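**Q** Below are the features I grabbed from TrEMBL:
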ACT_SITE  D110  active site
ACT_SITE  D311  active site
DOMAIN    92-428  domain 'Peptidase A1'
Amino acid sequence: MPCYPSGYESGTSNKRQSTLEVYHRYGPCSQLGQDKANPTTIPSLSEILMNDEFHVKSIQAQVNPNSNTKNLNDKKANLPVQSGRSLDTGNYIVTIGLGTPKKTLSFAFDTGSDLTWTQCEPCAGSCYEQQEPIFNPSTSTTYSNVSCSSAQCSQLLSATGNKPGCTSSSTCIYEILYGDLSSSVGFLSKDKLTITRDTFPNFLFGCGQDNEGLFGKTAGILALGRNPISIISQTAQKYGKYFSYCLPSTSSQTGYLTLGKNKVSDNVKFTPFDNSHGQTFYFINILSITIGGRQLPIEQSVFKTSGCIIDSGTVITRLPPAAYATMRIEFGKQMSKYKIAPAFSILDTCYDVSGYTTITIPVISFTFSGNVKVNLAPSEILVAASATTICLAFASNKDVSDVGIFGNTQQKTFEVIYDVAGGKLGFGPGGCQ
């Protein structure tokens with residue numbers, strides 16, 4: 001892949017596609033990663049897992065507020081994706097433009113969020129440190145605030161879970177609270193959105209005046225949920241509520257986020273979304289789990305009690321307690337030749353592989369509705385806790401009522417296709433190849 005400066009726009013521009021290249025913070029093309037005056041510390045695996053727990057608690061509180069979790073078209077555009085570790089987050093980032101003239105900003109994209117927001121000057125409360133200069137709406141000739149009396153303001157409750165507020169001048173105020181007490185509060189606003197060479201006037205987003213929490217050095221959250229206020233719905237006239245992504249397997253690789261329909265390979269298998277759980281999350285139904293060719297004896301009711309979502313922002317897949325316990329036991333039996341190692345953070349099935357140059361692990365497969373079987377690659381089954389310790393890349397929920405989550409570690413070797421309008425999710429082998 002050619003090496004361009006950050007923000008370089010490349011690729012062909014035609015009626016169907018335009019492309020913006022971005023690179024990993026510590027990748028070979030990153031200039032920022034070589035900035036000795038402002039070094040960025042790569043988070044440890046334990047820090048990533050801790051932040052992942054906060055993210056999961058936030059999702060589970062939204063899905064089930066009464067759980068034990070504390071409240072807390074035919075056109076497309078390609079956005080190459082990079083690992084979010086470059087911005088001190090375990091998730092993935094893309095770069096888009098906002099305002100006139102366009103300001104380029106890096107966002108963590110999240111299929112479990114509905115309102116896109118970014119930090120804005122002036123920070124009335126506080127703003128965390130981000131990579132690019134914070135967006136200043138006073139410098140954009142196309143920026144405007146949204147009125148409290150507008151229909152868009154009334155959509156905030158379903159998008160954020162909190163009732164909108166109003167200023168003395170009747171400007172609509174949004175508030176998003178996350179499970180780890182991270183938050184963003186500010187004005188519901190409109191401005192021009194630029195996705196590669198495609199522009200969208202009057203894009204609704206949150207202009208955050210008071211932002212705190214574990215957002216790394218990103219400019220905010222790019223929301224890919226199903227709510228009418230999400231970017232998927234706001235760009236539906238052009239992209240047809242259809243998007244796909246490939247997550248890079250390593251920090252030196254680049255993936256992509258494509259808004260709009262690509263040519264679908266014959267190898268892609270689609271499972272229907274379960275639309276009985278509201279408008280935000282992408283629910284899918286797990287039918288069974290297989291380890292080393294052996295289907296685990298898990299009753300269907302175990303998966304159906306709380307349901308399961310697919311989420312780009314969760315690192316480690318979470319399973320119902322009974323399902324995880326059965327997986328852990330069977331995986332342990334098939335890994336019995338390796339010495340058991342102590343648990344690492346939320347990962348409690350670990351092995352000491354010192355002295356081995358190669359190891360043999362059983363293949364784990366998930367079968368979803370529609371008889372869609374997904375075979376996981378080794379990198380989606382195990383994570384390295386140290387040079388000599390590997391751990392099963394799954395964790396148990398605390399309660400049977402907690403929603404299951406198919407996380408991004410288990411998605412890395414696939415093209416994941418969200419046909420939102422068609423009501424189905426696709427898995428295509430080959431990933432970013």
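Using the three backbone atoms N, Cα and C, a Cβ is placed for every residue, glycine included.
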**Q** Restricting to the domain 'Peptidase A1' (92-428), report the mean pLDDT as a whole number.
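**A** Overall, the domain 'Peptidase A1' (92-428) comes to a mean pLDDT of 91.
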**Q** Measuring Cα to Cα, tell me the gap between D311 (active site) and D110 (active site) in whole angstrom.
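**A** D311 (active site) and D110 (active site) have their Cα atoms 7 Å apart.
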**Q** Just counting, how many other CB atoms are there within 10 A of the CB of D311 (active site)?
**A** 25
**Q** Would you count the other CB atoms within 10 A of the CB of D110 (active site), including those on all shown protein chains?
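**A** Excluding its own Cβ, D110 (active site) sees 22 Cβ atoms within 10 Å.
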